[in-house]
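Per TrEMBL, domain 'ABC3 transporter permease C-terminal' is recorded for A:254-372. Among the features that TrEMBL reports, transmembrane segment is placed at A:39-62, A:250-274, A:295-322, A:342-364, A:391-409, A:415-436, A:465-487, A:704-727, A:748-777, A:789-811.
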Amino acid sequence: MAAAGLVLEGRGRHGGLPARHAVVRWSWRMLRREWRRQVLLLTLVACTVGAAVCGLSATHAYNATADGTFGSARAVLHMTGGSDPARLGSQLGAAATGLAPDQIITHRSVPVPGSVATLDVRGQDPHGRIGSPRLRLLDGRYPAAGSATEIALTPSAAREFHARLGGPVTLGGHELTVVGLVENPAKLDDTFALAVPAGTAATLVAGQPATTVDVLTDAPRPTVQTFRPGGDASLSIQYRQSLDRNANDAFILAVATVALLLVALVATAGFAVVAQRRLRQIGMLGAMGATDRQLRLVLVGHGLLTGLVGTAAGAVLGAAAWVPVAPLLERPAGHRIDRLDVPWLFLAVLLVVAVLSPTAAAWWPARAVARVPAVQALSARPPAPVRARQSVAAAVVLLAGGVVSLVASHRTNGLLVSLGIVGVVGGVLLFSPLVVRALAATAGRMPFTTRLVLRDLGRHQARSGAALAAITLAIGLPVAISVLAGVNQSTPASGNLSAHEVLLRTSRDPSVVPLLSAADMARQQSAVDAYAARLGATAVPLTMAYDPDVRPMAGVDGKTGRLVVDAGHRTGSNSWSGSSGLWVATPATVHAFGLDPASAAGAALVTRQPARLALDLLGSASRQVPIRTVHVAGASAYTSEPANFLTPEAVAAHRWRTAVTGWYISAPHDLTDAQRSAARDMAATAGLVSETRAAQAGLGTLRWASVAAGAALALGVLAMTVGTIRAESADDLRTLTATGAGSGARRALTAATAGALALAGTLLGAAGAYAVLVPAYARDLGLLRHVPYLPLTTAIPGVPLLALATGWLIAGREPAGIARRLLE
Amino acid sequence: MTGVPPLELRGVSRTYGEGAAAVHALTDVDLTVSAGELVAVMGPSGSGKSTLLTIAGSLEEPTTGDVLIEGTPLSGLRRNDRARLRRRHIGYVFQDFNLLAGLTAVENITMPLELDGVRTRQARAAGLKALEDLGLADRADAFPDELSGGQRQRIALARALVGERRLLLADEPTGALDSHSGEGVMRLIRSACRSGAAAVLVTHDAQLASWADRVVFVRDGRVVDSTPPPPGPESLLPGATGREAR
């Protein structure tokens, strides 16, 4: 506006470069001057960036596409030639002609004593071009090429066979010398014995004929698809999945987004605090003639500097943490991790965005504080809380969009998963101001200290809301990780038995009941009972039926026995699919598995598998007996747990006989490694085979580490926020002290502030975690039934109680005399 | 004093709140301050003195009435234009100094110039000149917490007057100072007025008001009287003749 007497033109509306320089200079000076106050914010930003760097690297490494099967090959052809070396040799010849294979790996299975498991004896050239990523020498040396007496074992195979380096080991009845310890670095649970073949066409593995062959090739897909090995060989082809990398990238992107959101929230909470602390100075600057943009620049400049310093420190911290964390992840990830195999591009983007996040996070408090009238700012009164209606509307929209995305993703569409996670997390976080207002609204009926605290939280809504959002995310992440770890531990596809179950069988071959003397049977029963007693459990005998009219036959483990009755359905003119175990519903099994015989009156077979209703009986002299099958409740999530039962009435009707073929033990606690090992030893001694759940160590560590990190971050945010809220309320505190309030009242104020924020944050965080997981697992809600009570109870009452106790302990000091608030 | 007055308030009223909770901080205030004139505003606590000053300085808007700076009504100016007006034409001095921690004495003085786009070197030269005039040249690079109260307030005064400013608004500028330092500050204000600046001084100290050319009394938001000041102790100084002695 041109006006008489006034000069308002020229030199730029906002002062140009000199003005920006002056404001940033002041920001930098304040950052340096108040470095002790900034340490907490910088530490939080650095720790969050560090956690994001380490977490991103871990996510990348954990989800790296497994090359344990492929090595560096594009495709693997599995050929089964039985035990005929000539036939296998002709197949290898065909492969050599048609595919020019890069590497051939031969296999032979041998039984593990005392276990249902078998060991893969593998013939592989350790220096093969594309198979070598599947092999690493840990100790000793590789066996000599073509040697029929030397073998190398993985550590797990050495344990199972009680073998040691340089000692003997008997595999499938042949004695060999262990010359080395090896592993598959791309698949650590790969248990095998390694022999080195004499050449690419060799069909002997450690002097014994191979039964299957893997041909690893880089040949183009059309060539592989048209390859025919000839004869009646069974052939299956696996191609490396190129989509895995995309899905992995999408997941990493989602993790990075949430991590950056956490950085931004921590920074926002911090800058809301800084903004309030600088309010009077900013008011002075406004009175001096600074424009809104210049006032915003004070905090935005501070944000940029914080971002630069915090990100640099965080990157160093994250890299330093990654070095010791990487080996800890190898076991849960199932493969060795190269510390330099990190997503460099994602990390670079993360660091750039991490620098910008505090800058962007500072913008909102800067905008709010620049709008505060100078007179109000000079009096240091916080801006009036804005209505939460808009944020609630945005929260509802984001939440709904996120839920829809997650449900539609089926957990397979990476983009929808990422959008869903971001939507739900954003939605939940936007509820924070509403929660703060709700807390303040409930203050009227509370005791004096709580009332004052809740109203202060409401008065300082900007910083309380940001802090609550940061705590929510800090707690929500570990809760989600804990639940997911529980899901992974209980996924049926990955579980044969639960961690507290043991299944013992009298034969490795489930289709044959061995013919044993009464003395042998008594000895087995005694050994099993003794083992069960050591676990504090009872062994439930498992009985199978057999047709006495069917002649005895040899099982796969060489034991002579009777063919057991099984149930299944016809899959072809001359083929059947069995039920993998048909047990007689004795009173003991009815009790152990919670069957209800009354609901299956008249049925020949009861099953806990819903899809298994059209079954015929197999194994009797008549071969095929149509039966009535009834489904009963209590579906098992585990693949080896008995699920199909033959009723005693059916046994009697067909005049079959029964024999004990195994025992089921359900211990009152999860089995330790020593107890699993004892089961195997007992079974080997008593002529039985045992089956227990494969250990999934590492997920528990991940669960606890995430809870600890989340709790520490939440407490850090709390310390930063509560400290400043109480500092702003120092006048109230002095008034209280002057009116006779003692240290108890002062302690109660700080403790209640910390406790209220922490409780609200943890509850909202837990709710947010389930808001992500429930729609993501909408079709498999049963997987979420394993609630991780211990980590959850540690996080939810633990963090608020710790915050409460810390607040109580540190807040007893009597405030200094009536001090005046000076800018300097 | 002729020409356009640096400050003119016409029928200014300011009301906070609404309905029954409404508080009338100022009611129909008319005030004109001429160039070179020092006006003291006195009144009891809560009478509206500080509100008058913030409205005059464009930090607050009146509910009704007009404020004219150098003849230009503020009502038509946008927020950023008012900010620019403050940094070019209006200087503030507060009771509690309000220097920016983290900036040296000379940087505090030059801040309004730099905010207005003056290059750092030029602004520093102007700041050093101001410090020299104050006798504080040796404290140019001292931070506020290294200065005494009197020195801080003199720095604040220099900051309020640096550049081309011709309107000084001071709210209890000596309230936090001892009498000796307070007198030094008042001499500087008086000196600025002699150089042509107009100044409004809010105080409830009659002795300070005696430095003014005119005293305006405010009660319950209304100007109830406007008189020449009572003779102050300095009038007793040998050779003193009224205002010129100050």
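Yeah, the Cβs are placed from backbone N, Cα and C, and that goes for glycine too.
Since we're looking at a predicted model, the values are computed, not measured.
Contact between the transmembrane segment (A:415-436) and the transmembrane segment (A:748-777) holds: at least three of their C-beta pairs are under 8 Å, each pair 6 or more apart in sequence. Two recorded stretches are said to be in contact when at least 3 C-beta pairs lie under 8 angstroms, sequence spacing 6 or more; the transmembrane segment (A:748-777) and the transmembrane segment (A:295-322) fall short of this definition. As a summary of secondary structure, the domain 'ABC3 transporter permease C-terminal' (A:254-372) carries 104 helix, 0 strand, 15 coil according to DSSP. For the transmembrane segment (A:342-364), the residues of the chain that approach it from at least six positions outside its boundaries are 45, 49, 52-53, 56-57, 60-61, 249, 252-253, 256, 259-260, 263-265, 267-268, 270-271, 274, 296, 299-300, 302-304, 306-308, 310-311, 314-315, 322, judged by C-beta separation under 8 angstroms.
Using the rule of three or more Cβ pairs under 8 Å, pairs at least 6 apart in sequence, the transmembrane segment (A:295-322) is in contact with the transmembrane segment (A:39-62). Within the chain, the transmembrane segment (A:789-811) has long-range Cβ neighbours (under 8 A, six or more residues past its boundaries) at 475, 478-479, 482, 703-704, 707, 710-711, 714-715, 718-719, 722, 726, 746-755, 757-759, 761-763, 765-766.
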